[in-house]
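Colleague: Take a look at this one; I'll ask things after.
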């Protein structure tokens, strides 16, 4: 039986390691690479390598960035008294896109999940506590995901943060998406939105 | 509530089959292992959201195929409903009236069933798992959000147990807080459900047994409380107190995952003192109580599925059964027609052999 040539097999295996790529997709991608021009393949390989080489972790907020401090932490116009805590750098970029938040961030690098062996020590929590202790922080906004792990992480941080006087700890709101029709919201979301309603 | 039609494709032994049900009684007639129960299983998937027989849903896909499809057409409160389910090797897709639904919570609550199976008898004798399964499946049918809460609870429990095995006490409270919030909801809903079920079951047992004994069903939980708030607060406190004990055991020893349902006849536990006949009457009463509960809550008659249990009943119980269904659509499986004749059944008969279904009458 004819097997895949060894070089293709090697590439297929590499593609399969990526999230969301199964054996079939990996084969399709690998065979597509055989049709690409040499320069294109060079560029692709370089892009992979350079991304890894040129990226760093911001020494202040722990976000993945091309410099440290990252553009947000290095921006003198930012409000340094507010820190928004997120699970990963993509969450930070999502909040940045809204262009209405001018405080700082802190990227945890995940959420507490004992099943996956991720405890408080595996997250960038020590860095966060140091920042609160050393800088003039007045508010901590907990913007972890609304999953059981995200909630547990938020609660854990809230408990730690209560040791600091003068620090207000808030949790982002959960409920009906803006522009969403009530009738299409699922019951769990609706229930939550009702529970956390507020006077206007 | 009436099922009009059920289509199966690549489901267990069926490559393709379509059944058009009659409005009252439907008899699925055939030898053992010909695929009678599979039809009932397919219907139950739309009420429970999952199979009660398969360990992994992959088993439901016909051998050699990659996916299985089910579709059911029924009337509910005079409205035509169309539900479809596609079972894939990884997960399933669901549609209600042509609209895809992301989670099971939006899918459940449409079709209501009362499912009588021969395994029900074991429910009394075996461990609490089976009784919790009865509660979970049936409460999931109409208590909105119940399945979601149960899932969240189980996930939280896995996380807490991982912490216990690592002997870490420090982060426990953040999990206990969420566990008790969700657990409080589950506990209070179960408490309420069992109270209402018990009320019906006691009355029905009296009728079935000719006033001989009194059946009582009670909720056994290690958590003290009477409503969502008190259950939540007590569960949180009890989780806190049991932390050291739990670390020693390596799992969480308190909470709704340890609940049980207890049956008593004149104050004596059914599991230990009742005869086989009494156990059967207790189970029948429980299922009839569920029928009454659904009828009361939804103002409609649920679909009744009888898997091979009809033949086990004596004539008077058969009669009682049919009379007390108030004309609800019933689908029953049986291996011989003798039993049909005994109770003078009139209805549509489907003959099932080698996965092929023919309508007899």
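Every residue number used here counts from 1 along the chain in the order it is shown.
Placed from the backbone N, Cα and C atoms, the Cβ positions cover glycine too.
Feature table excerpt (TrEMBL):
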DOMAIN    B:3-356  domain 'RecF/RecN/SMC N-terminal'
BINDING   B:30, B:31, B:32, B:33, B:34, B:35, B:36, B:37  ATP binding site
Colleague: Neighbour count, 10 Å Cβ-Cβ cut-off, for residue B:35 (ATP binding site): what number do you get?
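Modeller: There are 22 of them.
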Colleague: Can you list, in sequence order, the residues of the same chain other than B:30, B:31, B:32, B:33, B:34, B:35, B:36, B:37 whose CB lies within 8 Å of the CB centroid of the ATP site?
Modeller: B:333, B:335, B:352
Colleague: Please state whether DSSP places residue B:33 (ATP binding site) in a helix, a strand or coil.
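Modeller: Once the DSSP labels are grouped into three classes, residue B:33 (ATP binding site) ends up as coil.
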Colleague: Limited to the domain 'RecF/RecN/SMC N-terminal' (B:3-356), I'd like the whole-number average of pLDDT.
Modeller: 90
Colleague: Return the residue, from the listed binding-site residues B:31, B:37, with the maximum count of other C-beta atoms within 10 angstroms of its C-beta.
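Modeller: Output for this query is B:37.
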Colleague: Once the chains shown are all counted, how many other Cβ atoms turn up within 10 Å of the Cβ of residue B:32 (ATP binding site)?
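Modeller: Counting Cβ neighbours of residue B:32 (ATP binding site) within 10 Å gives 9.
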Colleague: Write out the long-range same-chain contacts of residue B:34 (ATP binding site), meaning residues 6 or more apart in sequence whose Cβ is under 8 Å from its Cβ.
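Modeller: Within the chain, residue B:34 (ATP binding site) has Cβ neighbours under 8 Å at B:352, B:353, B:354, B:355.
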